[in-house]
Amino acid sequence: MIIHPKVRGFICTTTHPLGCERNVLEQIAATRARGVRTDGPRKVLVIGASSGYGLASRITAAFGFGADTLGVFFEKPGTASKAGTAGWYNLAAFDKHAKAAGLYSKSINGDAFSDAARAQVIELIKTEMGGQVDLVVYSLASPVRKLPGSGEVKRSALKPIGQTYTATAIDTNKDTIIQASIEPASAQEIEDTVTVMGGQDWELWIDALEGAGVLADGARSVAFSYIGTEITWPIYWHGALGKAKVDLDHTAQRLNARLAKRGGGANVAVLKSVVTQASAAIPVMPLYISMVYKIMKEKGLHEGTIEQLDRLFRERLYREDGQPAQVDDANRLRLDDWELRDDVQGACKALWPQVTTENLFELTDYAGYKHEFLKLFGFERTDVDYDADVETDVKFDCIELA
């Protein structure tokens, strides 16, 4: 079928399979250009592997270090009459090119919060991956979590705490500057956000993997976080989501103490703001990203997801000199260091009050933001003919959980 973008709110409701494949190939090429190392992870599990930082982790492990990878995610496959989600096509492309490179690649499509997903992963590690993994990447960004056992559904809330938050934002449907107000989260919403987005599920995964004996000696685990700056703190770090990320920090400290006994470790990696399906949903982030992209591009500091993950693997987790990674006082790996530079943030703060609907495209990189957003779904690539027919029913080596 012929597919063009249709945007509703902060979601693009259509996806382009070939565009998604080209995006993945671009990330693979960027990774290969930095060389393949053999002194890093060999068997890698990525939980939340289909887009954003999770996908970039899997690409970096496979094509930067020659690792065998197993990915867990929740995506919708395409049919002959309807396109699937972008994540489905991303991983179909990854699987195709990983196998072509002689690498083991297997995927599980289902609820990554479920015990069934953990059981399936453990079985595959035992039967197909040599019995153990040496890196577990936790990269789930879901608004909803169904609790294993009870089946109770919890929802996260992107809300401030204590008082209504009002700030300048972009109405991305109309490309206009607006004042957005968000009511504060209730105590229940805060608690539920911690349950969905905190460290509880990460710990359940490590419990299950360790209990089954499928974590290698020296195994590492990393989960992703964002701290940001005072511009975004009210809605993020000081909001309900921030409470969840603090819980993630506490979880990392517990897991690190456990894994360190066998020569491994666990860390939270704090990453920079990038255009992903997750960040597009957070009020204020599109405007902040549009500003920080412009400033960082001008300073030659810009990184996308693949550059961030490449730096995480090569310069933090698996340093060539064999030294332990540099961490902050909370044992976090900081990849937001360039974004948080005083000159970058000073420029952001100076720019923030100046932006209006009229000068939005001129003063910020909002055009770049929109381009990156549509690219997430396979659109706006110059090497794809969007008026040509494209196959939407794409199959790959993926186990579907019931």
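Including glycine, each Cβ sits where the backbone N, Cα and C put it.
Feature annotation from Swiss-Prot assigns NAD(+) binding site to 48-53, 74-75, 111-112, 140-141, Lys245, 274-276; the stated evidence is sequence analysis. Residues annotated as site 'Plays an important role in discriminating NADH against NADPH' in Swiss-Prot, with sequence analysis given as evidence: Glu75. Per Swiss-Prot, the feature substrate binding site maps to Tyr226. The active site, proton donor annotation in Swiss-Prot covers Tyr236 and rests on sequence analysis.
For Gly52 (NAD(+) binding site), the count of additional Cβ atoms within 10 Å of its Cβ stands at 24 [all protein chains shown]. The Cβ of Phe74 (NAD(+) binding site) lies under 8 Å from the Cβ of Ser50, Asn109, Gly110, Asp111, Ala112, Ser142, each of which sits 6+ residues away along the same chain.
Neighbour list (Glu75 (site 'Plays an important role in discriminating NADH against NADPH'), Cβ cut-off 8 Å, at least 6 residues apart, same chain): Ser50, Gly84, Thr85, Gly87, Trp88, Leu91, Asn109. Proximity note: of the listed binding-site residues (Gly52, Leu140, Val275), none has a CA within 10 Å of the CA of the residue listed as 'active site, proton donor'.
For the residue listed as 'substrate binding site', the nearest of the binding-site residues Gly48, Lys245, Val275 in terms of C-alpha separation is Lys245. Fewest other C-beta atoms within 10 angstroms, among the recorded positions Tyr226, Tyr236, are seen around Tyr226. Neighbour list (Gly48 (NAD(+) binding site), Cβ cut-off 8 Å, at least 6 residues apart, same chain): Gly54, Val72, Phe73, Ala112, Val137, Tyr138, Ser139, Leu140, Ala141.
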